[in-house]
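Student: According to TrEMBL, the protein carries these features:
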COMPBIAS  41-55  compositional bias 'Polar residues'
DOMAIN    213-341  domain 'PROP1-like PPR'
REGION    35-90  region 'Disordered'
REPEAT    245-279  repeat 'PPR'
REPEAT    280-314  repeat 'PPR'
REPEAT    315-350  repeat 'PPR'
REPEAT    351-385  repeat 'PPR'
C-alpha cells in the first residue's frame, strides 16, 4: 500500500526542526554537579576531572600504539562496524589543540571555520564542554543557534562548561527556559524551581549567593513566566540582608509585568520608590513595554508622564514601547504621532523595531496599503526591514485573504536576503536524527523561523519555481517546519493539500515529494 502511494504520487512528509533530547541525565543533574553538590550515584567535580584525565590518558595510549585491547575484545574479536563516517578536519584539529591546552588557537580555529555543519559544531561543543571552557562552549552554541533549533543536550553541555561560573550557568538556564523545544529534558520541574534549588545548593556548599546570582535567577523566572518564584527569590535576597539594587528591582518588575500583572507591577514600583531606590530608563521602559503588551494604554501614558517628571530622557526603546502600546490598542494614528516626535528629536533615531510597531499598528486594523508603505519609508530612512517586519506584514496579507500581496511581499523579502529558507544539503543530517538515515539528495527548506502565513507563501513560491524548472521539479523537496505549537506544520500541510500533493505527517513535518 505504501509502495503504491510513493511510486506514482507526489509525496511529502513533515519533519520537526529538532528532536528534544531525552538522555539519562537531566539539566538539573548537571547543575547539581556544577554547584559543588552531588547526589548518591552521581560523580563529583573531582571525579569528573579524574574521569576526563583517564579518558585523555587512554586516548594518548591509543595514539602511541600501546593501549591494550580489552578482554572482551580479545575474546570476541574486532567489532563489526558499518561504513565509518569521514573524519572532520575541523573537529580533529580542535580536539588536538584542546589536548594541548592551546585555547587561543582553538578560539581562532572555531571563529575562522567556514560553513561548519551542525554535526561538526556539536562535536566541537562536546569537546570544549568536557574541558570546562565556557567562552568557547558559548561561541559554539551561538553558531549552532544560527543554524538549527537548539536541543536540551546543547544547553546542558554548555552549562557543564560553566561549572565554575555560577552567573553564566544561570544565564544559560534562562536561555534554555526561553527555548521551548529544549527545556525540561528529563525534568518535570520548571526552570524557576531549578533556579531556586541552585541558589540553595550554592548556600549549602558555602558559596553565599550574591545580588547578581539572585538577579540571574529572577531572569529565569521571567523566561518561564513565574512571578511567584521571582517574588520568593527577591524576598530571599532581602532575608539574607542584601539590599536590592536597581538591577534587581528591574528584574522583579519585569518578572511581574511580563505575566500581564500590570497592577501588581505598579504596586512593586511604588514599593521601590518608597525604599528610596531611584528608577532608571530600564525601569520605565520595562513598565511601558509590559503595560503596552497588556493593552493598558492609560497606565502606559501615566508611566510616560512619570518618566518626564523624573527628568529621564526617553530613548529609542522608550518610544518603541509607547508605539507598540498604541499598535496593540489598534490606534495607528497615535503610533504615527510618536514616530513623528522621534523624527523631530535631535538625539533619537528610529530603528527597525520602531517601524515594526508601526507596521503592526496598520496590520491590526487591516490597512495593508499603509503597512506596505511603511516598508518604503523604512528603506528611505536607511533602515532595512527585518525578519519580524516581513513575517508580520506577509502573515497579515495572508490572513486577509490577499494571497497575491502575500506572495509579492515574500518575493521581495527573499530577494532582499532577509528571509533565507534554503539550506545547503549537508544540513540534512538533522533528518537522520528522526529517520536514522539521510534521505536522497534534494532541496532542503527550513521554515521553522517563519509564521504560518509566511510559511504558506514560501511553499507557494517553491512550487511555482518548480513548475518553471524541470530539473528542480525532479528533485525531492524536504521542508523543516519545526514545532511552533503545530500552527506552521498545519499551514504547510494545508498548502500541500491545496496543490494536490500527498504527504505523510509525522511529529513535526515535511519529507520528500516529487513533482
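We number each residue from 1, going along the chain as drawn.
For all residues, glycine too, the Cβ spot is worked out from N, Cα and C.
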Student: Same chain only, please: residues at least 6 beyond the ends of the repeat 'PPR' (351-385) with a C-beta under 8 Å from a C-beta of the stretch. Say none if there are none.
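Tutor: Contacts with the repeat 'PPR' (351-385): 316, 319-320, 323-324, 326-328, 330-332, 335-336, 339, 342, 392-393, 396-397, 400, 402, 405, 409, 412-413, 416, 418.
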Student: Under the DSSP assignment, what numbers of helix, strand and coil residues are found in the domain 'PROP1-like PPR' (213-341)?
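Tutor: Once the DSSP states are binned, the domain 'PROP1-like PPR' (213-341) shows 99 helix, 0 strand, 30 coil.
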Student: Just to be sure I understand, if DSSP states are collapsed into helix, strand and coil, how many residues of the repeat 'PPR' (351-385) fall in each?
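Tutor: Within the repeat 'PPR' (351-385) the tally stands at 26 helix, 0 strand, 9 coil.
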Student: Can you work out the mean pLDDT of the predicted model over the repeat 'PPR' (245-279)?
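Tutor: Summarising the repeat 'PPR' (245-279) by its mean pLDDT gives 94.
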